[in-house]
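So the structure is just underneath, and the comments pick up after that.
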Amino acid sequence: MESKEWENRVAYLGPEGTFTELATKELFPNDWTIPFKTIPECIEAVDSGQVDRAVVPVENALEGTVPLTIDYLFHEADLYIAAEVLSPIEQHLMVHKDHAAHYGEMERVYSHPHALAQCHKFLHYHYRSVPLSQTTSTAAAAQYVSEHPENNIAAIANIAAAKQYDLAIVEQNIHDFHFNHTRFFVLSKRNDRIEREADQGPIKTTLMIKLPNDRSGALHQVLSVFAWRQINLSKIESRPLKTGLGDYFFIVDLLEDEHAPLMMGAMEELRALGCSVKSLGSYYTYQQK
Ligand SMILES: O=C(O)C(=O)C[C@]1(C(=O)O)C=C[C@@H](O)C=C1
């Protein structure tokens, strides 16, 4: 890798022109940002020390969690969340300029599965006979379309991708619901949060909690640990542990600093109840402008 005097080397889900790149540039406008092809490759790059940070999507307002991100954080890597970026998402249908006049006859639509799902109603009502193909990101779809001018195919991606790959936007804002936002995590090997007083939102802590096996009321007990301390949960979700049907771990986002006395007490109590608890750290939320 090129050696240069950059403050941070930041991996992001590429190629150039993804929503993830836009979120990355929001927090790291002057750093060395490096596109990786998949979310696991971004996570591996920061876990192995190849880069200082990695930016990956974690949750979309319409489609929910990005399971790859959560599963790699639980099963494969030992990382912390240094910040969260909240980005508005606008999806557009784009084609090679040669096909702009007759895009209605397109043979296939390409995009990331989350982007396809965010435009499900649009595709269902207008192009239900057109097959869909998944790509590793929205910009990967735009790049593919630009590299295959011989085919009348379309991508769903953002304006930056249309510019980057010189495509024509033929239908704008095709996401099904107006409030379309995605959360991105900035991951780090060290537990060091990004602090920018001027524009940071409230502090959050993310915990991964595994309940003791087969104890009735265990989830209720876990929730009451936070409830009586008046620690607000902003999200709770379960993911399969991958050890058998019915085995889950929980991801909990809490509006409190992990070093606050009540939070430290809550984690101690959870462990005393037989839960295993892993904190991914406390971090601030930044809004993409
Ligand atoms: O960053 C991108 O462009 C992606 O393709 C990823 C991703 C996601 O995983 O949610 C990011 C934002 C949008 O919600 C759609 C897709």
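Every residue, even glycine, has its Cβ placed from backbone N, Cα and C.
Going by TrEMBL, these are the annotated features:
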| type | residues | note |
| --- | --- | --- |
| DOMAIN | 9-189 | domain 'Prephenate dehydratase' |
| DOMAIN | 207-282 | domain 'ACT' |
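Summarising model confidence by region, the domain 'ACT' (207-282) averages a pLDDT of 92.
In the domain 'ACT' (207-282), the DSSP tally of helix, strand and coil residues is 22 helix, 26 strand, 28 coil.
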